[in-house]
Amino acid sequence: MSARGQDIVSIIKEQIKEFGAPVSMTSVGSVIEVGDGIARIHGLSNAKYNELLEFPGGVMGIALNLEEDSVAAVILGDDANIKEGDEVKATGRISEITVGKGMIGRVVDPLGRPLDGKGPIKAETVRPLERIAPNVVDRKSVNTPVQTGIKAIDAMIPIGRGQRELIIGDRSTGKTAIALDTIINQKGGDLVCIYVAIGQKASKVARTVALLEQYGAMEHTIVVAANSSDAVALQYLAPYAGCAIGEEFMEQGQDALVVYDDLTKHAWAYRQLSLLLRRPPGREAYPGDVFYLHSRLLERAARLNDKLGGGSLTALPIIETQAGDVSAYVPTNVISITDGQIYLEPDMFNSGIRPAVNVGISVSRVGSSAQTKAMKKVASKLKMDMGQYRELAAFAQFGTSELDKATRMQLERGQRITEVLKQGQYQPVPMANQVAILYAALNGYLDSVEVAKVRDFESGLYRFLEANFASVLNNITKENAISAETETALKTALDDYKKGLVV
């Protein structure tokens, strides 16, 4: 054999030695029953809970019931083309979503697929939708405020970074408006916002996105949408997807805010899934683990300690009540999980007091720890004063002729403070401006102003301060406190403003 032939033989032998047919093991099952978005699959004996399964045509599903000889899975899409006998593959992956800065400004579904027509999302990291919440050692006490821009909330029910604050009330009482105001108020700040729309009409989600774009809030916001027309499984996954996106920012040492709008529809979706999966129903036909459904979600909101970067994830879950019944099953569950609640009252809303925050029922268990020193100094007694005013106002309905002078003055001032706390929708007020108007209201500068002219007084005061005493507002913003010098300057400003004001 020639030298060239020997070379060819040696090359062939080397290639034979290196040859190894790639072999991959895939767990495969077959559909034995399908309907109502649920597929029962024979086989897949090694499937894991929450594992992604692949159906023909690229439709995905999630294994939720692991039985002795079958698996029940929820289908994440249209089940019209899935039929008995179809092959189902286990992917070996737990339900997950792409996360990272590339998602800011985008609208996605709970699986991270874009819904806004702006092209594919640059995937930076993939995270599981569910994970164990940070333990006690990993956490740090909440002491930094989330400025909502809403006077009634920032003054009386402060929200801290890392807190879980429930927004609860009847239909159309302004729950979503409070959440959107809070998102809009973060413009130019360092808080990344995630808005999770669960079971809403697509038109309403589109209006919300357009509103956020109008106010420049999409620059720091991610929208996760599972519409009412989507598969119920996607509605079930939506809040976990939003939480996973927020956790990525938290673990990078940043601050994030996630709004779940709303967890009532989330509980309905889970109830529907559970009944279709033939799990035993309990109270109001909810499954026995409906409390765990929300506790494992909301416990993931936290303020991490400095060793872990000091990031935070703040949760604003929304619950819709029926006829003001806060003692129903799901509302009481979520109230017991969260660190406080903002209760919106229909009667107050209908009487023109908006935001319709009922101070008596609303509470923030973090309290003044999450307030700036300036707001704490000005508004420390505001909640108690407003509570007393409401009681007096109810009593005074029977007539004020026999009330003493001090009580009548308290009623008069309470009316003016109520007017001050009113606020237009999507008009967040900067913290320094809030401090200025509340200082004026609580120190008698509004006592001589007619109730009907309080709103004009307020808007005029903001313009006057910005034009003539901008340094006062700047000092309050910069120091987050009111020094003796700043307070003196603020008093001078208020005196000058009142002198030039015709009331």
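The backbone N, Cα and C atoms fix where each Cβ goes, glycine too.
Features reported for this protein in Swiss-Prot:
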| type | residues | note |
| --- | --- | --- |
| BINDING | Gly169, Asp170, Arg171, Ser172, Thr173, Gly174, Lys175, Thr176 | ATP binding site |
| SITE | Ser362 | site 'Required for activity' |
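Features per Swiss-Prot, on structure.
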residue : record                       : DSSP (3 states)
Gly169  : ATP binding site             : strand
Gly174  : ATP binding site             : coil
Ser362  : site 'Required for activity' : coil
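In sequence order, Met156, Ile157, Gly340, Gln341, Ile342, Tyr343 make up the list of same-chain residues 6 or more apart from Ser362 (site 'Required for activity') whose Cβ falls under 8 Å from its Cβ. For Arg171 (ATP binding site), the same-chain residues that are 6 or more apart in sequence and have a Cβ closer than 8 Å to its Cβ are Glu320. Applying an 8 A CB threshold to same-chain residues 6+ apart, the list for Thr176 (ATP binding site) reads Thr208, Asp261, Ile318. Excluding Gly169, Asp170, Arg171, Ser172, Thr173, Gly174, Lys175, Thr176, which define the ATP site, the same chain contributes Glu320, Leu344, Pro346, Phe349 within 8 Å (Cβ to the Cβ centroid), listed in sequence order.
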